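According to TrEMBL, the protein has these features:
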{"type": "TRANSMEM", "residues": "24-49", "note": "transmembrane segment"}
{"type": "DOMAIN", "residues": "40-289", "note": "domain 'G-protein coupled receptors family 1 profile'"}
{"type": "TRANSMEM", "residues": "61-85", "note": "transmembrane segment"}
{"type": "TRANSMEM", "residues": "97-119", "note": "transmembrane segment"}
{"type": "TRANSMEM", "residues": "139-156", "note": "transmembrane segment"}
{"type": "TRANSMEM", "residues": "199-225", "note": "transmembrane segment"}
{"type": "TRANSMEM", "residues": "237-259", "note": "transmembrane segment"}
{"type": "TRANSMEM", "residues": "271-291", "note": "transmembrane segment"}
Amino acid sequence: VSMNHTTVVEFVLLGLANSRHLEITLFLFLGTAYFLILLGNISVITITLTNNSLQTPMYYFLRNFALLEITFTSTFLPSTLYSLLTERKTISLPGCFLQMLCFYCLGTCTLFHMAVMSLDRYVAICRPLHYTTIMNNRLCLQLILSCWALSFLSMFPPTIMTVQLPFCGPNVMNHFYCDASLLLQLSCTDTGFIEELMFITLIIILPGTLMITAVSYGCIIVTILQVPSSAGRRKAFSTCSAHLMVVTVFYSTCIYRYIRPEQRGGQDSDKVLSLFFSVLTQMLNPYIYSLRNRQVKQALKERILKFS
């Protein structure tokens, strides 16, 4: 940060509520949501690591996805809960930049990871005889590393450019975490190039990963329709519909929040949209993708019986 031009030393996050009663209610809700996120994802990681029958590519991706969700929500939820509990609304300049970098890198990695998991399900259902050959250990590791590398390479340049901007005041953001679009509005210099760069990056990543996911599930549905057993079709459709529900909520809120024609944020509706894709879907993901699975439920029962 160019400290010779920066007069702002901290930012004020207005948060989610303007009354103490509502803040306490939101603290209880978000605290419960964070607990469920941690409980669900830690359970997925533990079960898939300790059960020999779950050492397959599918559960390898789910385990990494669970770890990703824990780190993603931990970038902003603990500070949001602390703010709701203590009414402290400020965040330091370095803390804001670090939170923004982690939020966007991990959020982008979530998009890539969901696309990779849909590809894995496509190969498993549409190419079952070649599944073990195609989804070998080396390819699985390469796909995971590619998700992290692409997310970092795509989000790091605009974030670093934002960090180097001068901030001379005001320093108030109508949000519960450091949002890039709001941060750019507070800079006392022209930010047109950074805004265009972030818009182009997001307009490539969001529809691109969505297309991969949609095409994969489209092929899966076509394959399911050819299953002779009606019970098998119902079970497969139940799983796919749950996955598609989470994907729809996540992508629709992300796209409307970050790729709509008017990018100047700061409305209360933006905070509601952010809650949907950053908290609600993260809370549902471990239960939709993993804990509804028959093998995972069986492994969980065995683990509970062993400890009891």
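From the backbone N, Cα and C atoms, a Cβ is placed for every residue, glycine too.
Within the chain, the transmembrane segment (199-225) has long-range Cβ neighbours (under 8 A, six or more residues past its boundaries) at 108, 111-112, 114-115, 118-119, 121-122, 125-126, 154-155, 158, 233, 236-237, 240, 243-244, 247, 251, 254-255, 258-259, 263. In the predicted model, the domain 'G-protein coupled receptors family 1 profile' (40-289) has a mean pLDDT of 87.
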